[in-house]
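Student: Have a look at this one.
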Amino acid sequence: MDDAGGLGGSGGFRPGVDSLDEPPNSRIFLVISKHTSELVLRERFSPFGDIQDIWVVRDKHTKESKGVAFVKFARSSQACRAMEEMHGQCLGPSDTKPIKVFIAQSRSSGSHRDVEDEELTRIFVMIPKSYTEEDLREKFKVYGDIEYCSIIKNKVTGESKGLGYVRYLKPSQAAQAIENCDRSFRALLAEPKNKVSGSPEQDDYSSGRQEALGQEPRANLFPFVGEQQSEFSTFDKNDSRGQEAVSKRLSVVSRVPFTEEQLFSIFDIVPGLEYCEVPRDPYSNYGHGVVQYFNVASAIYAKYKLHGFQYPPGNRIVVSFLDDGSNMTELIRKMATQMVAAQLASMVWSTTSQQQFLQYGGNAASQAPQIQTDVVLPSCKKKAPPETPVKERLFVVFNPHPLPLDVLEDIFCRFGNLIEVYLVSGKNVGYVKYADRKSANEAITTLHGKILNGVRLKVMLADSPREESKKRQRTY
């Protein structure tokens, strides 16, 4: 168990979960030296804005700092600017190790990963249908450098749907836009485009969208990951569900009418949403809509997680596949299996037996790891013996979730001299140990910034190798 020491506004008082994440993305996560004090953190981070709380995670028994801290700002833009300017900096003249700074995930979201920069730069806005992309750019350029603007249009008529996206170059600029733009735009962070098969537990569904829908938090919408495992296992066993025609397009039926904006807000929970459409039928009191995703995996996930979802409360929506002329049965079975593995990998496994289940349990152990990527990988090579001296360690960041251990070992052993791969429990990071520096450098060159099985890897050099016992106690 961990404990935390804080330096809040009332002598160590730590706010509740609700105030910790209000407003969203206003809290940063720091990896620092174990000797860094709360006072130093306040001195270095106060120039970025109003600090509401600072606390350092400590060992429950020894009260020693674990090298992890949190800083809570009053505004999201302040936290983002602190992240942008302080990540990779040294806190003091005597410090030789640069700190790591991330936007911390909402504690009530059910997710256990940190938010990546690219998730914080694109905002979703509701605009007048008469707006052009130039009008949209003109309205939002005052908040920062815009990478692009886009307006969602009806694919048949080309008419604007009154929805748009604005992507900024920096997270702080997007946060400034959300905080300061006219309330009529209902600006909020959009789901990142590069997410392929994320889970609701991993997505940061903003509170603003929940308020617009009048719905309960997503943690209640998707309460138990075991249900998804069961559903996908059933799907993979050739029962009636497995025989259902699968496509990227979904039909949504409800006894209560809904608007395109409401439908979009519900199905944008699952990454990869392409468009929503609600046909007008003056002779029917029912709601009917069509939803299409960019990939089949997202459509499958949306179908099996949102079918039967109550919106509004008491009214269950019916979600089914619409035939789009594709036949992808075998591909879907593989995707479904991989998605189950990804879900299990992203959970917090607090015991050794649970970690062993992740690595060895279930059907995954009986199959060779499946690697889908456009990266040219070398052939598999034998691992080095566990007792081999460590010559180089790599630090790996996963977005949106860690890959399974067997897949990671299959990937990193291809460069030769691999000793061990391990994941940090509850985080989307891990370490790779090599017995040869050349092998480690080849892994960095080949894998850094690449996407494997829908997961983007950041691969970089970690600290110099130390004794295993000291290393494990150093930060976590």
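Placement of Cβ uses the backbone N, Cα and C atoms for every residue, glycine included.
From Swiss-Prot, for reference:
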COMPBIAS  196-209  compositional bias 'Polar residues'
CROSSLNK  Lys34  SUMO2 cross-link
DOMAIN    121-192  domain 'RRM 2'
MOD_RES   Ser199  phosphoserine
MOD_RES   Ser464  phosphoserine
REGION    1-20  region 'Disordered'
REGION    192-212  region 'Disordered'
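Neighbours and distances for these, please.
Tutor: Its Cβ taken as reference, Lys34 (SUMO2 cross-link) is surrounded by 14 other Cβ atoms within 10 Å in the chains shown.
Confidence across the domain 'RRM 2' (121-192), taken as the mean pLDDT and rounded to a whole number, stands at 91.
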Student: For the domain 'RRM 2' (121-192), how many residues does DSSP put in helix, in strand and in coil?
Tutor: 24 helix, 24 strand, 24 coil
